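Visitor: Starting off with a structure, shown below.
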């Protein structure tokens, strides 16, 4: 195969990897945890993955503790948990 063909194949495989969603079997278990505001009162917007809705949803986070299903951005949540 020519170097141009190899580069095209590599580019297509990279694109496929980026665009393929996380499958439920590859999704971290913490993505199944419910949203947890935590005990603090430094309220800020955060995102959690909702297995029932199959999407990342914004919620109010207290700023400490909570659980691992807590992301600063919707993009971070989707790249980690969304299927």
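Including glycine, each Cβ sits where the backbone N, Cα and C put it.
Checked Swiss-Prot, it gives:
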- 31-81: disulfide bond (DISULFID)
- 40-64: disulfide bond (DISULFID)
- 56-77: disulfide bond (DISULFID)
- 31-81: domain 'BPTI/Kunitz inhibitor' (DOMAIN)
- 1-24: signal peptide (SIGNAL)
Visitor: Nearest by CA distance to residue 81 (disulfide bond): which of the disulfide-bonded residues is it, out of 40, 56, 64?
Guide: 56
Visitor: For residue 81 (disulfide bond), just count the other CB atoms lying within 10 A of its CB, please.
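Guide: A count of 24.
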Visitor: Take the domain 'BPTI/Kunitz inhibitor' (31-81) and count its residues per DSSP category (helix H/G/I, strand E/B, coil), listing them in that order.
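Guide: Counting residues per DSSP class in the domain 'BPTI/Kunitz inhibitor' (31-81), I get 10 helix, 15 strand, 26 coil.
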Visitor: Which ones, of the disulfide-bonded residues 31, 40, 64, have a Cα no more than 10 Å from the Cα of residue 77 (disulfide bond)?
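Guide: So far as Cα distances go, the disulfide-bonded residues lying within 10 Å of residue 77 (disulfide bond) are 31.
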Visitor: What Cα-Cα separation, expressed in whole Å, is found between residue 31 (disulfide bond) and residue 56 (disulfide bond)?
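Guide: About 10 Å separates the two Cα atoms.
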Visitor: Return the residues near residue 40 (disulfide bond), defined as same-chain residues 6+ apart in sequence whose C-beta is under 8 angstroms from its C-beta, sorted by sequence, else 'none'.
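Guide: Looking at Cβ-Cβ distances below 8 Å from residue 40 (disulfide bond), excluding near sequence neighbours, one finds 62, 63, 64, 65.
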